[in-house]
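Undergrad: First, the structure itself, so that you have it in front of you.
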Amino acid sequence: MARLIQLTILFIQFYYYYYITTTAHGVSSNGTTFLLDSSRSAMILPLFLSPPNLCTKFSSTRRLLQRSNANAPPNARMRLHDDLLINGYYTTRLWIGTPPQRFALIVDTGSSVTYVPCSSCEQCGRHQDPKFQPDLSSTYQSVKCNIDCNCDDEKQQCVYERQYAEMSTSSGVLGEDIISFGNLSALAPQRAVFGCENMETGDLYSQHADGIMGLGRGDLSIVDHLVDKGVINDSFSLCYGGMGIGGGAMVLGGISPPSNMVFSQSDPVRSPYYNIDLKEIHVAGKPLPLNPTVFDGKHGTILDSGTTYAYLPEAAFVSFKDAIMKELHSLKPIRGPDPNYNDICFSGAGSDISQLSSSFPVVEMVFGNGQKLLLSPENYLFRHSKVHGAYCLGIFQNGKDPTTLLGGIVVRNTLVLYDRENSKIGFWKTNCSELWERLNVDGAPPPAPSSSNGNNSNTEMPPSMAPSDQKHYGLPDEKKIGQITFEMMLNVNYSDLKLHISELAESIAQELGINSSQVYILNSMEKGNASYIEWAVVPSESADCISNVTALSMIARVAESHMHLPDTFGSYHLINWEIKASAKRTWWQQHFLLVVLAIAVTFIFGLLAFGIWFIWRHRQRALNPYKPVDAVVTEQELQPL
């Protein structure tokens, strides 16, 4: 009986836990919040699409980023993309001109100029969006030659020219126009100076992104421009997603840092880049045998969001590599994915990123003030693209350059606060995907801009896709979407495609900004020299349908050829797409657990009742034992009737 009662209690606890966890999935698991500065507006530009789990609107129980006061304007929300694994960078969207023209720009703290290809450019590559056309913008003005800029040969216009470490170059003229950060930005569009590109070479020519958004220090920096106008504080933040699922945000403006944020001094006089005071690196709790001055050569230790990996001076790299390899006991060294590079890779770690710490050691960066920044394996490793469960060091030797360069890989799942006003940089380990959800607060955007008025300081740019486009793509207003199916042709031989089907699903997921578990390859076959493929997108595990906004965004990205797959799969052509409604659950499906619970409880209590009755009956028989008819009994006195 005691066991029956225990089983009953356990069953009720299970049902309660299941009910709570399945109905409260919209609540963030991390209750830590940080506050926006209340004195000025802040723009928040997420660096990756993190589709909402709910199908219609945000749950009122979701924990959102709290502002300093209730009167603060709503945060900015933008559709951004994490292209770090495929293309080596993060991109954001900016709108320039009236009417607005959209561009995908690389977020780069290592440069100060924001530029896009100009329609007059004859030596510009084929990028994600059309070139900027100044003639179509009623608010565009060229920057005339003056003593504060470099001028063209005719002394008519200001020009710019930039060269990057990989020897790519960009040059063009300077223009001024209305720049907007999205239709939900709390900060109104501002007039700003940007580069209208007339020539590009090297990687800039071949990249998918249209241009660069320069966040470095300098007169042409968009951060400096907004600070000088007094619309934001002299601060901005970046939060990059992790190895498995991307996510995060960029905040232009001040925030109140979390209480456990780790800080390092950043001396603006030391170098033109954002530097930190790195003194030591620890591997598995042991400091590398290095002189602290090794991290202070040339420009010192700098952060560069436009760089994919990290690069150490020769002595530091050799010491770091040796220390890592001494801690790897159960892994097997293998060749890297690219024969042109001598990558240091290991197999046998498994595909579960959350378990990498059991195979790879913890690394710590120690700053001059004694504070330590913890680096998990995803902060110094990258996935092997050809061997499942294998990883490679994302830390390399910086040639003979004594500068320590820390790229985006080092700050995965880390909020980095560039507090320029106080000459320091803060680091806070967090789940950047969840951070995006907390930044993704609701709020009414300002009114749409008027194309007839050149002064748009109090207006907001329209969204990248108007509501009419939803009708164009045939999305129902209220249908709960359970699956989106795509049919398309790939310009690649089917024999080559079969070897990379799983990689194709992961690439599609990364391009659409969703979890790889949401993409399924339904069918594939040979079509001449090309390949036919049918694939589907389903809701995430924590949702029962796909929101119309998310579905619209994914369909538009595929239909308008904005999805950039690796060269392995060639180009694609969309044949058809179809929406399937989420299956309507019957009464039995909706109440199955409740019915099962009722039956189980009834059965258990029935057993209890039967057990009690059986015991009572047994005791009664013990008190009044049965006597046969012929048994000898004590003679008893007859009682009167």
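Yeah, the Cβs are placed from backbone N, Cα and C, and that goes for glycine too.
Remember, TrEMBL labels are computer predictions, not curated facts.
Annotation source TrEMBL lists domain 'Peptidase A1' at 90-428. Among the features that TrEMBL reports, active site is placed at Asp108, Asp304. Summarising the annotation, TrEMBL assigns region 'Disordered' to 440-474. Annotated transmembrane segment per TrEMBL: 592-616, in sequence order.
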Undergrad: Could you round the CA separation between Asp108 (active site) and Asp304 (active site) to a whole angstrom and send it over?
TA: 7
Undergrad: Average the per-residue pLDDT over the domain 'Peptidase A1' (90-428) and send me the rounded value.
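TA: For the domain 'Peptidase A1' (90-428), the model's average pLDDT rounds to 91.
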Undergrad: Note down the number of other Cβ atoms within 10 Å of the Cβ of Asp304 (active site), including every protein chain shown.
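TA: A count of 20.
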